[in-house]
């Protein structure tokens, strides 16, 4: 028998063996309550959080303001916004005072010229998260074992429009050599990787409003499956501009309520659209034994990650919430958790009539009678909708809820409709009370029908 034939038979035999093994693993998994595939590998915990949000900059300062019922939504000023139906947004506060964002605290003046605003915000959030975690890899081995996954939902449109205008009116030489790097969605991850010499997986996600959740979930799997020991994961977006607001307004996605304190009101009968926000959130995810060995403070554990697609409409969710239901079910399945073990859901709920209703239906259909024992809240009344950063911000809020055992409120929810009959943590924060482990879900859904759910638990 020739060597070629022998090698061919070996390869064929190996493929058949692998196929049978995969079939056996799949056949042993039920819908809920099985040994999750991720647990056949390694546990993943969260040891650091960095937040750059409309509520401020930091970790515990932002959390305290969230729990205190504060909001970062403000009125838009300037003639350029006068013709746009939406007149509110949620800006990151700029300045040098406590809780304000000063770009020069994180990058040099020359870097500011070569980087976009969302990239700088991501660098700031990453620095805060790594400092919070106490993880600063110095050796080659530690750098190779640490990766980055930071996504961006939208490129900064004003950079494109201003560059196009300069090119058309002033010519080729007025196009910045940094134009292309500024608008690449992977540049936030790339800059963080370069800055800290992180040589593990270098990953960027761009899945609209699900970006941040996908980045955190993908990082969870990178660690669980041994691609890294530590991941610096999150999302960033900073695209509040007349052009982006006009685009979302034309899509009838934004609130037209001119009162910044009432414009974003998830689950409310008079909700009429979301409020655009900006910011970045980065979490340090770490293999459990790695964190224990270096005596890191552990906020929570990531138990599972679910994904789904609506396959329905470019902007509207499935009206029955079928995609959202499958997404949450997939996260429970991955975590090996029963629906009755969940006691909190950080809802995607952006304050749109269709989206909030669909998510509410999905929760009630999946959890059945147990839905009435759940607490469900949306934090977007406080932060606005941070688009590509939203999923990471809300993963951070769910993590902190597990750690402090407090549930962030749904602001502005002073009345409800008959179908919205769950505990939405209205107006004020609540103590998280359960006789079981503190386990929550956080949902993110985006244009194009892209969905993600993370299952996060206290230790």
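First residue shown is number 1, and so on along the chain.
Note that Cβ sites are derived from N, Cα and C of the backbone, with glycine treated the same way.
Not measured: the values here are computed from a predicted model.
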Exercise for the section: May I ask you to name which of 170, 174, 197, 364 Swiss-Prot has annotated as N6-acetyllysine? Expected result: 174
Fill in the blank from the handout: The number of other Cβ atoms within 10 Å of the Cβ of residue 109 (N6-succinyllysine), counted over all protein chains shown, is 8
Fill in the blank from the handout: In this structure, the one of the recorded positions 174, 348, 385 whose CB has the fewest other CB atoms within 10 Å is 174
Problem - Pairwise CA distance, residue 174 (N6-acetyllysine) versus residue 348 (active site, for beta-ketoacyl synthase activity), rounded so that it is a whole Å - result: 42
Problem - Averaged pLDDT, computed only over the residues in the domain 'Ketosynthase family 3 (KS3)' (41-458) - result: 98
Completion exercise
Rounding to whole Å, the Cα atoms of residue 113 (N6-succinyllysine) and residue 348 (active site, for beta-ketoacyl synthase activity) are apart by 34
Problem - Number of Cβ atoms other than its own within 10 Å, given for residue 209 (active site, for beta-ketoacyl synthase activity) - result: 29
Handout entry: Cα separation, residue 385 (active site, for beta-ketoacyl synthase activity) to residue 209 (active site, for beta-ketoacyl synthase activity) (Å, whole number)
Key = 8
